[in-house]
């Protein structure tokens, strides 16, 4: 698939300086849109009600000092120097940290894990010798199952707060930018809300075109906006107060708190808005490089923001306006106010676009890890990996943004809500990073504890200041997070229970092999793809199908599409293929592995690629049997042994990519990461495509023995049956499940399963829509899961 092959791999970290600088420029529009527009509303939110600007300027100096040190400690020290290094194969975000932790400690709750997953090149990570202290922490986490659930809930909470940020950031950004009309149009202040709603509708209506269609506008807009912030900041500093730099001293923070007391503490909920968007540096790491994001922030974004806040403080120190009149635009000279207003609106749209795209991405990751109901994911770019659009989420966000705009109608309530969501995400990141320091980096637990206490105490201070304003807007992200966490946890819980039911009710291989004409079972032409979550055994829905309709396809493939706790799986390592029973039965198992950031294939390329993988596997298997007769089924290998052996089939097959043989019966302690490879066998068998309607197998083997000829005849027959089945048609067999709690279950479980999960299942996308199965080829098998 072109989309997958275009950029399913992370670019090299050894980029040239030219490439790094280009990525740094591009990151301005994607990563720093939200962070760069915060000067529009920080001072206005801070001086809303809790504190007032007095003639002594102690309040404005204290706020500037808080803003400077908050920007320095959190985005610069925490993210740029520490958190950005906790990447998962170059990817960042909450799920990247969770993925790292789950790979270094057995604390994950994902079903259908396999030992073969540990052989993925993106799974294996070089790490130093494990410390005794780190080992004790890992054993403690693995031993207490309740901590596994607590860790998942923590990750889900951070995810929900990111979604909440995706709702609140466009609202407060666009509203703050448009609020400049109140100064430029004296009798038209009531036009702010309608214009804000109109811009939000246009913003969300353009999402289906994809970021790549309008994204090239964003970097220049943010660059010009940052230059504008810097220029106006320098102008205000030199024109109004050249000694404003003295207010950067921490002394003014203490003086501020001493004078304002409780009001100053509550005003921290507005000050923390200066770091909204910092999480995007880590979340969008996968689209750029560590060096690019570091250069863009330290050389461009950070100085521009500091100058902008200093410039506003310099103006306010000489112009004592009322708290209601404090805004960014009062410090802008009237001669350039209209151009700055237009530029601010464009910058707010760019910043909103980045967080909306990030919301789509994190919901897609949640869905990949079975933590979110199925939604339709549209890939908007054939060249840029990971750019997606989710229609349902897009329109829900638009409606909620408009509702928040009309409901709150001021920056104060919006700022309180946005601030709490931002600090919750940062607290989750701090907690997860401290675990990464111990488990992945093998650093002393004391170092992780210092990291947690230092940055956690700063974030808890700001979080408490936001939480105290629960009735003034902070209730919104809390309510939204509780609602989303409930949905995600119930969906994940029911998914796990369904998998356990399938695991306990799977059918033995002997039952499948016993099906034949003597029982009235017919084999019809074509290929039957039976989708299941199981990586071994025969799913119960297939036995239900055969019981009610005593026939199945001549070629049978049990397909398992599973997620692996890695950001992406290389295409050459994606397919695990094996037999189910002897070769004459024409039954196979195919496990297709995706990472949480991978792009799933469409059904057309999936059908042809799956058949090609099966054909490659058949040639490899017969070649292996021919070369090593000691492992042939005729020499004592049981069907269950064959069924448990899987082979990694690469994208090039035998011409360049090695195949890896995996035995799923190996015990965990004896797993070897370096699986044996097989030699290239293109000189033995070669599959040629003659035309669209027919295919034939050509053999290029000289001096073959009589037994070899017999093997090649069987190989030719099996491959011909496979392609004949493809020509006859491919049927997709999916389970249509209804889940209910078993008798004696707790009230919570009954509510979660019988009502919550079944309601979401009925009203979200079906698996056939997510897999893009053609309706004419779909077979649904009804199943009742009593869990």
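Start at 1 and count along the chain as shown; that gives each residue its number.
Note that Cβ sites are derived from N, Cα and C of the backbone, with glycine treated the same way.
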TrEMBL annotation of transmembrane segment - which of the ranges 448-468, 511-531, 532-552 it falls on:
448-468
As a test: from 336-363, 384-408, 420-441, 448-468, pick the stretch that has the greatest number of Cβ pairs under 8 Å with the transmembrane segment (474-494).
420-441
Where, among 21-43, 63-84, 295-316, 336-363, 420-441, do we find the most CB pairs under 8 A to the transmembrane segment (448-468)?
420-441
Tertiary contacts of the transmembrane segment (420-441), defined by C-beta under 8 angstroms and 6+ residue spacing from its ends, are 74, 78, 82-83, 86, 94, 97-98, 100-101, 104-105, 125, 127, 133-134, 137-138, 141, 154-155, 157-158, 161-162, 164-165, 168, 269, 272-273, 275-276, 278-279, 282, 447-449, 451-452, 455-456, 459-460, 462-463, 466-467, 474, 477-478, 481
Which stretch from 63-84, 218-238, 295-316, 336-363, 384-408 shares the most C-beta pairs under 8 Å with the transmembrane segment (188-206)?
384-408
In this predicted model, what is the average pLDDT of the domain 'K+ potassium transporter C-terminal' (525-785)?
71
Any chance the transmembrane segment (336-363) and the transmembrane segment (63-84) are in contact, meaning at least three CB pairs closer than 8 A with a sequence separation of 6+?
no
Selection from 21-43, 218-238, 295-316, the stretch that has most Cβ pairs under 8 A to the transmembrane segment (263-283):
21-43
